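Heads up, the thing below is written out as structure tokens.
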Amino acid sequence: MFSSWCWYWTKLKLLCSYCTLSELRCSSCGKDSAASSKMEDFYELELNIKGLNNLEESLNDYFSEEALDGENQYFCESCQKRVDATRCIKLQSLPPVVNFQLKRYVFLPKTTTKKKISSTFSFPGQLDLGKRLSNPTSSCSYDLAAILIHKGTGANSGHYVAHIKDESNGQWWEFDDETVSKLGLHPFGEKPGKASNKDDQKSQGISTAGSVTDNNSNGHQEAAPTATTAEMFSSTDAYMLMYKCTSKDGNATQSDKNMEINDSLPCHLLDQINELNASYKKSCEEYQSKKDSHLAYITERRQEVKSILTEAPAHPEDDSYFWISTDWLRQWADNITPPSSIDNGPIQCEHGKVPASKVTSMKRLSSVAWQRLFSKYGGGPTLSSDECCMECLKDGAKNAVSADVYRERKASLKNIAEAALAGNCPDGPSYFISKTWLTHWLRRKNADIPSDADNGPTSALRCSHGDLLPEHAPGAKRVSVPESLWLFLYQSVNEKKADDITTFPSDSQPCEICNQELSDVASVEGNLRAVKLKQRQNHEKLISGKSIALHPGQKYYLIPSSWLSEWRAYITATGKNISSLPEPQSLEAIVSSLICEKHSRLLQRPLDLVCKRGSITQKTSNTDGLTIIPEYDWKLFSEEWSATPEKGISAEIAFSKSSQDKLSGSSEAMPIMDGDLDQSLDDADDDLGAREPYVRTIPEVCEDCIGERESCALVEKLNYQNEDIHVYLIRGKEAPKSIKEASKAVVTSDRRASKRSRRTSSGNSINLKVSGSTSVYQLKLMIWESLGIVKENQKLHKGSVEIEDDFATLADKGIFAGDVLWVRDSEIYENRDIADEISEQKADTLQAEEGFRGTLLTSSVSAQLCQDIALSE
């Protein structure tokens with residue numbers, strides 16, 4: 001088969017040359033151009049199929065006359081002027097093998113891309129090309145010999161296969177890379193259920209593939225159509241057809257004699273084919289030899305397993321048998337390659353014999369079967385019928401009896417244990433045991449002797465010094481049990497742990513060292529509890545976290561909102577958490593860190609004020625900005641947290657006429673003085689409606705340092721790498737409000753994200769890994785690959801703003817890690833394969849200078865957005 005394939009394709013290359021003549025004739029003088037007499041050779045004919053149904057129509061289109069007029073006029077040498085003319089192609093001779101190239105790919109000017117034509121195209125099994133020659137002959141028949149097929153929808157991707165007909169028997173074969181498959185007598189394979197009516201289909205001009213013959217005239221008169229009885233085939237992926245000549249006119253001209261097929265090949269090709277055939281034959285012989293050897297080995301193994309398993313059962317009356325591990329025997333019987341040696345180690349006890357407890361893991365073998373296995377595989381140890389371990393049997397019986405005795409005694413002592421838990425211990429000697437341990441012991445469903453993993457009844461009561469823990473120590477709750485119950489528990493615990501059990505009579509004294517340590521801890525916690533209680537009473541309004549009413553003319557102080565949140569959590573911690581939270585940092589150090597060294601001004605802004613119903617309050621935050629506190633609370637904080645009162649950041653409420661005049665800490669502001677206080681309080685509603693309140697601080701806010709820090713924070717935020725953004729596919733015209741505002745929400749950076757598309761109520765959604773330097777074009781390709789939306793159809797938005805300019809970076813467009821985008825499919829352009837776009841990318845696209853990509857110099861982020869991002873940090 002391989003030699004036939006090589007020979008076939010080599011012969012096609014040598015025997016598919018056409019001889020054509022391009023005729024150009026002047027419509028005025030009727031003369032042909034000088035170039036018309038020049039013969040040209042072609043290997044194939046390129047046929048249009050767009051808008052055409054079958055091969056006959058394509059051939060008529062190819063050989064039809066073309067009018068040259070208007071701007072396409074021809075310059076005639078005889079007439080010495082531009083004149084109308086006609087042009088056509090004529091066949092002078094035909095090769096033994098005819099190749100037709102079907103032009104399945106067209107260029108779309110609108111999208112500057114190529115598209116594959118996937119319409120059905122019909123072609124006959126037999127073709128008469130005699131009428132197509134410039135000197136027509138009565139008969140020149142060709143049979144379909146091969147079909148080349150392109151599988152796929154894209155013009156620059158897909159898979160190619162060939163369907164080739166064997167000349168010797170008419171069988172069709174499919175060549176798909178290294179795979180060769182038999183198709184039968186039909187070029188596309190025999191179809192199920194068609195054999196019964198195959199004759200009827202042929203008589204109607206229908207192939208076994210179900211394709212219908214076009215029996216009507218195609219409108220062209222240059223050549224007669226093929227016979228309507230010819231079998232027709234059709235395909236949506238065939239792009240090249242090959243026909244081989246089967247008969248010629250007996251009165252053929254000298255030029256037609258060139259069509260005779262010479263089956264001989266050059267010597268070097270024959271040598272190469274013979275060499276390949278010899279190599280292929282040798283490989284087949286080696287494979288067959290290995291196959292036969294392997295099959296013989298498998299047959300031998302099967303016979304061995306069958307014969308030994310037949311002899312394996314030991315006779316009930318036979319006392320001579322051997323034990324073997326069931327696991328080893330199963331591996332030996334189930335695997336083609338058996339284990340190297342017998343392994344009976346897993347079924348041995350510690351005495352080197354066969355224990356009764358492992359009887360389910362072993363099997364008895366007859367002496368004949370054991371000798372056959374042992375002589376071939378060796379190993380062991382050999383365990384005969386006399387190797388049963390009596391020691392293990394006695395231990396098992398003893399344990400069974402002990403377990404019964406244990407259950408009976410436990411049942412008799414259950415009431416005593418329950419009374420001890422209730423605090424009722426009879427008079428007489430008693431002992432301390434762990435209350436938790438005794439509770440679990442009573443609840444234990446399995447009444448067997450406690451296992452080695454159980455802790456002793458007094459393990460939780462013993463301190464690191466080996467003495468009795470004080471009762472108020474964590475986990476040291478105890479109960480007194482009578483001597484009878486203690487002795488039973490002590491004896492029933494595993495002997496290996498008996499030495500680890502400490503006996504604590506009921507008159508035992510707690511460890512003095514542990515008692516002192518616990519007293520010290522309790523004293524510290526008591527003092528800490530008192531300090532926290534006092535601070536909660538001193539700062540009731542601050543503890544509640546509610547906004548306080550602010551009044552013009554009064555003096556206030558500023559502290560960081562983050563420190564206030566830490567203090568509030570520390571003060572309100574109670575119970576076991578009272579000493580678990582660390583103390584807040586030194587208040588004086590925190591306040592000092594708010595002053596810039598260069599200008600001695602504030603490095604943070606106070607939180608904004610809210611004016612509502614004649615009352616002025618401040619916005620709240622647990623992390624950002626400075627919070628206003630009354631002067632009374634600041635003085636108390638200075639005493640409680642070792643701060644200097646004079647180093648505090650003071651503040652007061654001032655008013656500005658407009659928002660443009662509002663500069664925090666500006667000396668141009670007009671604060672409300674004591675002389676105007678009465679008037680401002682009486683006319684509060686009118687003043688608040690006419691003027692805007694703000695916080696005036698001493699020292700002033702350093703806008704220079706804050707602006708520089710915010711710029712650095714923004715640049716760092718823009719220079720993210722390999723972070724997630726979320727993209728929603730919106731089915732409707734507009735995105736839901738929740739999606740538009742999702743980018744403003746706080747995003748958890750360590751949340752695991754998947755790249756798989758998920759279905760939501762509005763459409764699909766996807767998480768993509770991007771960087772600040774990723775271009776909008778690259779992002780659209782990711783969306784194309786994940787959601788299947790052609791790049792030109794993507795209407796990409798962040799919030800309500802559409803993202804345009806494919807060559808801009810995500811940093812340029814203000815897209816940060818964790819942002820939520822939404823995209824809509826405009827469906828204007830036709831879908832195509834993404835591989836086409838990737839293969840046709842232009843290298844000379846205009847891009848921002850690399851030195852400034854992903855920085856504020858090319859970013860379209862507004863100043864207000866910079867400020868918002870810095871505050872969120």
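Keep in mind that glycine also has a Cβ here, set from the backbone N, Cα and C atoms.
As given in TrEMBL:
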COMPBIAS  188-202  compositional bias 'Basic and acidic residues'
COMPBIAS  203-228  compositional bias 'Polar residues'
DOMAIN    1-246  domain 'USP'
DOMAIN    296-389  domain 'DUSP'
DOMAIN    404-506  domain 'DUSP'
DOMAIN    530-653  domain 'DUSP'
DOMAIN    759-821  domain 'Ubiquitin-like'
REGION    184-228  region 'Disordered'
SIGNAL    1-22  signal peptide
Could you tell me how many residues in the domain 'DUSP' (404-506) are helical, how many are strand and how many are coil under DSSP?
46 helix, 13 strand, 44 coil
Number of helical, extended and coil residues in the domain 'DUSP' (296-389), per DSSP:
45 helix, 18 strand, 31 coil
Helix, strand, coil: count each for the residues of the domain 'Ubiquitin-like' (759-821), based on DSSP.
15 helix, 19 strand, 29 coil
Averaged pLDDT, computed only over the residues in the domain 'DUSP' (404-506):
76
Just give the helix, strand and coil counts over the domain 'DUSP' (530-653), going by DSSP.
48 helix, 27 strand, 49 coil
